Amino acid sequence: MRVPYSWLREVVAAGAPDWDVAPAELEQTLIRIGHEVEEVIELGPVDGPLTVGRVTDIEELTGFKKPIRFCHVDVGDDVDREIVCGATNFVAGDLVVVALPGTTLPGGFAIAARKTYGRNSDGMICSAAELGLGADHSGILVLPPGTAEPGADGAAVLGLDDVIFHLAITPDRGYCMSLRGLAREIACAYDLEFVDPADVKPLPVDGQAWPLTVQPDTGVRRFALRPVTGIDPAAVSPWWLQRRLLLSGIRATSPAVDVTNYVMLELGHPMHAHDRNRISGGLGVRFARPGETVVTLDDIERKLEPVDVLIVDDAATAAIGGVMGAASTEVRADSTDVLLEAAVWDPAAVSRTQRRLHLPSEAARRYERGVDPAISVAALDRCAALLAGIAGGKVSEALTDWRGEPACDGWSPPAIQMPADLPDRLAGVIYPPGTAAKRLAQIGAAVTADGGTLTVVPPSWRPDLLQPADLVEEVLRLEGLEVIGSVLPSAPAGRGLSAAQRRRRAIGRSLAQSGYVEILPTPFLPAGVFDVWGLPDDDPRRGTTQVLNPLEADRPHLATTLLPALLEALVRNVSRGLVDVSLYALAQVVQPTAETRAVQFIPVDRRPTDAEIAVLDASLPRQPQHVAAVLTGLREQRGPWGPGRRAEAADAFEAVRVIARAAGVDVRLRAAQQLPWHPGRCAEVLVGDTPVGYAGQLHPAVVERAGLPRGTCALELDLDAIPLVATLPAPRISPFPAVFQDVSLVVAADVPAQAVADAVCEGAGDLLEDLQLFDVFTGPQLGEHRKSLTFALRFRAPDRTLTEDDATAARDAAVRRAAEAVGAELRT
């Protein structure tokens, strides 16, 4: 939020006329009471002759690729200045700001007389951006008639001695997105009297301004309307108002629109102006209907959803509530009668709609943070009086003031009871008696003391004050957090990492050492990802948990698998030229269960009971820890040693074994079919008899639909399904020599090599130290649908030197066990 210091000082000075602090001091004060000051911008500096001029004559130059104008400008001298200008948003008679030769504009831009486009240009007509007043380069700055006379000091007229505070307002402090809120904060910080600019004299009320109906459950808390008729369509906003809007980052357009923006900045209440003569029948507030569309003020037709809240008349949509007006009731250049609207919308509804439609606005930002419903009519009256004063016309005494629930006294949140010394006890600081009551009264709360207890009714603009802790925070920040001692809490002796944490770190290190790069995956699923994978409707991964207020409207579902985020990252990397990619992620997924219940509300002013904690646990979906990896491109790089090798399913299987070794468990792989993997190159991973995940090459159809490189491989394991091994056994080292033997076994072609290896290991017993498959052979001499697997066996005893007969006996036992388990025959 951009705030001109001169305007802020004026609002504060209404209650403290002598208040005047330097901008640098005010910056530190705002930071001290909890506000984030992103930047303090000093306007200018402009050195040299900057003056107000009046355009007396314009000659359009032709023969150039863009419009060029040769202007005569009266700058108060005896002779008009000749200036070449490329802007077209002004006419003869307009007041402009002229930088004469010798002027240096912000950014070090020096102005000199020069010949350009075949004419002599004796200065420059300036835009707001060139003067450092904003970012608008669309045309030169045209001053309203009567602002100044030609030859007047341009720097003084523009107020270039001002300072702009750029603040980052946190979501819980929406009241500070206004001069009213910030001035109150400053008054609290300096113990000044505060005069509320929202305390305006009410305008007369006689009858209803406009028929209005509001559909239930739309979340509207208040809706006020007042007409202003007979305004002059040729009127323009005065310079003082345009300047304040410009310095606040808003471009002036017309008086009706300008005054709504001005009151929004001043009081924090967004407003909207409708052309009264373009409204057909009564107004209504309702949800959008399926398939309904609206053309907004930017002339774009937008598709609406049934959750969008609209303002409608009998013929068309008049506005998207809290987001943007519709073209049907837009105030235009010939409008003479306007209907001013001040409404309070549901913050969640506004946030959801503006995100989905990509329509962020100053009004929507304020509605998202909460708007004070108590000042709707005051803001409406302030706006109407300003408009009538600027553009003429008559403010109607008719007023529509619809109030929803709750409409309690003052529109305030519920009262809160708090021990008067609670801030002292929580901060460890002894504050003077009455400090809590004083500070809470300063922020606008109604405070009643009864012994040692304060009953506090928060003000209507502070919906964030809900419990004693919130009140304590207000007292502490206004008293200054710097007075709280910096004492480190005494921590209990550390117990180190848990077994699960140690395992997680070991897995991450092992994958990194194997060439994988870790990513931090987003917890939300991309829209339609499971349709791209071709998952059936009853696949458990489709059973997702939906977030009510997602960061992105098109990603409201929490991830049940890590692969979508990894594959998105892989596509992004490949699109940027990184074709050999190996990524992994370690994170939780969210898997709803049939037993998941609604979350029970538990107060935060006490520790939950064991029963309440059990209910909370039961209401949560499963959140197991998963590890997943994806890889594509070359797994072994090309070089003098060879052409390199592309990643394949075997690399995904090896990554599974890397994870298993880090976790201290043995895994088995068996052929399986599971989307999005290729049915012939997918393995189910088992620990004991428990399935823990899948690995292999992705299905070609999925690869094509998802825009992935050909041959992309992936794996995903559920770490929570893998038992924890508290202490990994140390490797057994034998000082005795090993005996090496090979064995070739013939099995059916559809028997997995892993099944044969498992049988060999089981049959060979403890003497078998290592087994490696090093050859697979098929041929007519083996018979149809048969294959030969050759293993290298390494035998070693821990307590003696093995003989060849010992190793042969163990090998023969392994062959017998393989024959029993998978029908293997010894190849001779």
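Including glycine, each Cβ sits where the backbone N, Cα and C put it.
For reference, Swiss-Prot has these:
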type: DOMAIN; residues: 44-155; note: domain 'tRNA-binding'
type: DOMAIN; residues: 411-486; note: domain 'B5'
type: BINDING; residues: Asp464, Asp470, Glu473, Glu474; note: Mg(2+) binding site
type: DOMAIN; residues: 734-827; note: domain 'FDX-ACB'
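DSSP states for the domain 'tRNA-binding' (44-155), grouped as helix (H, G, I), strand (E, B) and coil, give 2 helix, 47 strand, 63 coil. Confidence annotation: the domain 'FDX-ACB' (734-827) carries a mean pLDDT of 91 in the model. Other residues of the chain with a Cβ within 8 Å of the Cβ centroid of Asp464, Asp470, Glu473, Glu474, the Mg(2+) site, are Asp172, Arg462, Leu465, Ala469, Leu471, Val472. Counting other CB atoms no more than 10 Å from each candidate's CB, the binding-site residues Asp464, Glu473, Glu474 peak at Glu474. DSSP states for the domain 'B5' (411-486), grouped as helix (H, G, I), strand (E, B) and coil, give 30 helix, 14 strand, 32 coil. Its Cβ taken as reference, Asp470 (Mg(2+) binding site) is surrounded by 17 other Cβ atoms within 10 Å in the chains shown. Counting residues of the domain 'FDX-ACB' (734-827) by DSSP class, helix then strand then coil, yields 37 helix, 32 strand, 25 coil.
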